[in-house]
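A quick write-up on the structure given underneath.
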Amino acid sequence: MTPEHLPTEQYEAQLAEKVSRLQSMMAPFSDLVPEVFRSPVSHYRMRAEFRLWHDGDDLYHIMFDQQTKSRIRVDTFPAASQLINTLMKAMIAGVRDNHALRHKLFQIDYLTTLSNQAVVSLLYHKKLDEEWREAATALRDALRAQGLNVHLIGRATKTKIELDQDYIDERLPVAGKEMIYRQVENSFTQPNAAMNIQMLEWALEVTKDSKGDLLELYCGNGNFSLALARNFNRVLATEIAKPSVAAAQYNIAANHIDNVQIIRMAAEEFTQAMNGVREFNRLQGIDLKRYQCETIFVDPPRSGLDSETEKMVQAYPRILYISCNPETLCKNLETLSQTHTVSRLALFDQFPYTHHMECGVLLTAR
């Protein structure tokens with residue numbers, strides 16, 4: 001695979017290899033055959049980052065080969081959304097001959113939605129002044145005149161200039177209901193929107209007929225919390241990143257959801273609070289004992305759950321675990337399988353044509 005060519009003819013074989021690999025990894029814990037959720041074979045990535053290469057008068061996007069570290073020119077990127085591909089051409093055309101926009105520009109980041117909105121961030125090794133703002137405003141207006149719903153941001157050391165806003169609003173059809181998700185520039189969002197829809201619908205399906213409340217750790221912008229709210233009496237969710245918490249609060253209001261409470265704290269801190277080890281001012285007014293959480297949802301970073309959180313989640317009758325790294329999932333399962341069994345297993349092909357796998361397991365208490 002190269003940035004400008006996807007081996008779409010190999011998609012089925014690559015997916016089959018992942019299914020086999022996941023099944024082998026999970027064999028010590030389950031004999032379930034994974035439920036498999038396929039990605040679109042192209043234009044599946046909703047965000048992308050590129051370095052910029054200045055070559056005389058020419059200017060173009062580049063990526064680096066992971067093995068050789070050699071530079072690869074990228075004029076089209078079929079893994080990314082159609083909108084990103086359109087913007088790549090438009091941004092180069094708009095920046096190449098404009099000194100204020102081109103000088104010391106070293107990277108462009110693209111964030112798009114299925115609803116055809118975009119935030120484009122230009123990163124510089126220089127101070128951004130009024131001349132830059134005027135040139136960027138003219139470029140934004142020219143892009144919008146082409147029918148592109150785009151917002152531009154300039155970034156430099158200790159500087160961030162938003163011409164309008166630093167977010168876009170995604171609209172996803174999830175099990176018969178449209179969900180609105182505010183996505184903030186430079187914050188985590190699910191990269192493969194089509195796969196995100198399938199993950200949300202799978203999580204809804206495996207938690208239907210749930211009793212009690214849901215606790216979620218690492219909730220981000222509320223991606224799973226808000227979709228799952230319809231299956232539970234109440235949802236209590238934690239997140240540490242301020243922009244993600246703000247986006248989650250917006251998303252709660254935008255989706256007219258009244259049974260989700262977001263707390264800004266790390267999963268490790270919340271574990272201490274739940275165990276009565278420490279008290280936190282951020283929890284004033286929230287009576288944790290009122291929540292009857294029968295299910296806990298975790299979508300941890302690649303490192304998986306730490307040992308204290310492992311112990312905490314074992315106290316819940318059901319654990320829904322979305323993993324971006326099956327190796328650390330299996331490490332966690334060495335502990336979790338002492339008290340729980342794997343009742344559902346899914347493979348989500350979030351990153352086609354790579355060795356990366358995303359998977360989901362539902363664990364039920366023995």
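In case you wondered, yes, glycine gets a Cβ from its N, Cα and C as well.
Feature list (source: Swiss-Prot):
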| type | residues | note |
| --- | --- | --- |
| BINDING | Q190, Y218, N223, E239, D299 | S-adenosyl-L-methionine binding site |
| ACT_SITE | C324 | active site, nucleophile |
| ACT_SITE | E358 | active site, proton acceptor |
Exercise. Please classify the secondary structure at N223 (S-adenosyl-L-methionine binding site) using three-state DSSP.
Key: helix
Self-check item: Span of Q190, Y218, N223, E239, D299 around S-adenosyl-L-methionine - largest C-alpha separation, Å
Solution: 16
Quiz prompt | Listed binding-site residues (Q190, N223), ranked by Cβ neighbours within 10 Å, top entry | solution = N223
Quiz item: How big is the Cα-to-Cα gap, in Å, between N223 (S-adenosyl-L-methionine binding site) and E358 (active site, proton acceptor)?
Solution: 16
Self-check item: Largest tally of Cβ atoms lying within 10 Å of a Cβ, found at which of the recorded positions E239, D299, E358
Solution: E239
Quiz item: Tell me, how many other CB atoms lie within 10 A of the CB of Y218 (S-adenosyl-L-methionine binding site), whichever protein chain they belong to?
Solution: 22
Quiz prompt | In three-state DSSP terms, the structure that E358 (active site, proton acceptor) belongs to | solution = strand
Quiz item: Relative to the Cβ position of the residue listed as 'active site, nucleophile', how many further Cβ atoms are located within 10 Å?
Solution: 18
Self-check item: Spatial neighbours of C324 (active site, nucleophile), counting only the recorded positions Q190, Y218, E239, D299, E358 and Cα distances within 10 Å
Solution: D299, E358
Self-check item: Y218 (S-adenosyl-L-methionine binding site): secondary structure state under DSSP, collapsed to three categories
Solution: coil
Exercise. Report, in whole Å, the straight Cα-to-Cα distance of E358 (active site, proton acceptor) from D299 (S-adenosyl-L-methionine binding site).
Key: 10
Practice problem: Name the one residue among Q190, Y218, E239 whose Cα is closest in three-dimensional space to that of the residue listed as 'active site, proton acceptor'; these are the binding-site residues. | Solution: Q190
